[in-house]
């Protein structure tokens, strides 16, 4: 076809196909050449097609994170290999197809709080402060934070267990345990309460035992970080009351002991006797002697005896005084001794004076008179007399009195016939008469200086012996007021009668010139003339003084004043700047002068500083300037002061007010901590309120010089603790929020039990939960906890074990006993005690009179507690006593000093009692008197007392050797009487006294030795045993106050 050779049919078909393909290919090439290519169609599936920057066409670009030509391939780009710091420090890079992401290394966290991040948003890894978890290192641990990690060390007072420091805490690993100081130290004479804890910083306060007082040192023991108790240095000194107080007129009978419980007895001095009150004083807890109320009065015989008809005279009733007797008035001495003497026994000896009553008999008779009498004739009896009818008394005593000599006094009464006697006297008159018998006339006449006013001038004697009345009236002469003299004063008693005198004296400022200065009232009723003249006194012109002006009104009379005033710039120095004209017409002198004014250094003023130096002129008119001191500002007024004429600096009006910033500003949710001071430099602090915190570094503002508080950038942000943490094996039962003070409650899950700790987590001010310490463990036997340790019956203890289901618990007991009074004594007991009781009880076999410290530990847990106890002293027992066999003028015995087995032996006493009657004796009695103070009815006394420390190992005592042992007198025994001799042994400790008594009988007879052998013959082979038995019996019976005689 068309010139193409024809092929076979089969070959033609194949050829046709090839030709077709070739034709198509040619067409395609022609299209490529003739049509623009589509670049975007050729882009790889992980590429994007974009315009070229020059606008020349399209281009294929691999997507972000891939690398390639964009058409044939786009493969992943590993960013983590491109740069090791692509994620920043403390990170791990993770490559992904087409991208990557970052994570933080252990110990770091992303700043964006997203676990996976890409740093293009600024996220970086920051250190996790593991120490923000307060519990991370456990109780007593101290957390140290590092970049990416942390470690723990133990705080002071704690030590690492199960490892070494530093450590990271994990289950079964190292942890910190508080140092335990164990048993408390023993302090002499001091006790301490049961210590609840003995771990680090535990403090126990000691107190001095009864009978002692805190003298010095620290009374607190503190568990130190070394595991040893620090302190105490307490020194308890035994109470010493010193010398007992004196009692007036009494002697102290005393053993010189001044410890607590020591007793001082008092006995009245010779010449004095007791009138009551307590005769002893005891040293008390406060180191003071109790008041002794004994009152000793001087021996007094009292008033002497009364003798009939006698009076006693005495000036004293003390022994040796005399009373003199004298017959009383109306009695006379008829014989006997007239004095009595006060004896030493308080009584007067007899006086035998005899006084008989005086009797004068009948009174004597008087001529022309009769006696009026009661018939009494004793001393001072009176008989009166009266003239008989027709007679009258003309004088003399009209009575008689019975006198001391038993005789009536002489009566001088004279009775004459009736007579009028002298007539009556009238004022201002004289009387003339010639007889006083009835009918006689008396004439009256005015005397000189008087004149007749009127009335009858005569009087007649009547038959009744009296004059009738004369009525003549005579008036006294009166000169009236005296004359007046110019410039003179009258000196006068106011009398104007005849002969009255008035003197005259010139007034002040006038002088006497005349001769006669008085006048007299004459018989004519006029005053005499006087020649007195008073002339006025004048002074000359006053003199001048330097630098002064004269201030004078020109007056020169006496009393006129001339003053002097210093000129400007001068001041007066002296005591008197004026002169007065005196009565002599002379100006008196002034005292002083005018000196130039010098104000001296300017005064210091509050809050003001003077601008002055030593070269400033200080004279009158000088000026000094002031300025306000720092912290104050000029609020007005002049700032200068001038030296004034009075020599003082004028007060400047400069007003300096203190800079005051006022009340500081408040900040939301913040508390202002301010002392109300707002002056310059004052500070006000701010503290976020509970539930808020701040990031601000500066929390205070200061008052500045401009009177404003400094600017402060302080913000309080509310605290949020976030979700409450979970506890192992426990479930949260309630939570009331996540802000400050919010509380989350927990309880153990089923199958677990509460092993201790708190069950509450609290949101704290640090924005962290204070994690509950609740420990929930699988149900198992609980370990005992020792609490409420109690000491009873002195030697027994009990406590609460707080047990669960454990069958038995073994406790370790460690006791240590000391005696402060017995050097070298130490008792130490270590033993185990097993009990299944919830409140175990244990009684211990302890020595008496001993201080013990007790430490109890539960062996299953190591939990311990401690206590202190003191045991009471026991009966001291009785000493070994021996009597000599040889004849001895005085009874005696020998005893050996006893050991301090049941307590410290304090005293040995020898007591003597009469056996004339049944003896009721208490071995514990404190009121046994000395020989001189014994009761006559009791007849028992203390003959001797010995302090144990003053005795040798063996003591020989003679009974009745007349020696004094301190205040006690060993009086001789009466051989005609029977006695009981008692040896008492006294033990005292911690305000407790115990005693034992041994006694034996001394019967009547001449030989002491014979009597002893007679009494002890049966028990002579077991002499000591006999007295020991007797002594023990005596203690019991006398302690119950049964009769011992």
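Heads up, the Cβ atoms here are built off N, Cα and C, so glycines get one too.
Feature annotation (TrEMBL): of 988-1012, 1013-1037, the stretch labelled transmembrane segment is 1013-1037.
In this chain, the domain 'Sushi' (299-357) does not touch the domain 'EGF-like' (127-164); fewer than three CB pairs sit within less than 8 A of each other, excluding pairs fewer than 6 residues apart. Within the same chain, residues at least six positions away from residue 60 (disulfide bond) with a Cβ under 8 Å of its Cβ are 39, 40, 42, 43, 44, 47, 48, 49, 69, 70, 71.
In the shown protein chains, 22 other C-beta atoms lie within 10 A of the C-beta of residue 43 (disulfide bond). Only residues 6 or more beyond the boundaries of the domain 'EGF-like' (36-75), in the same chain, are considered here, and those with a CB under 8 A from a CB of the stretch are 97-100.
Across the domain 'Sushi' (358-417), mean pLDDT in this model comes to 86.
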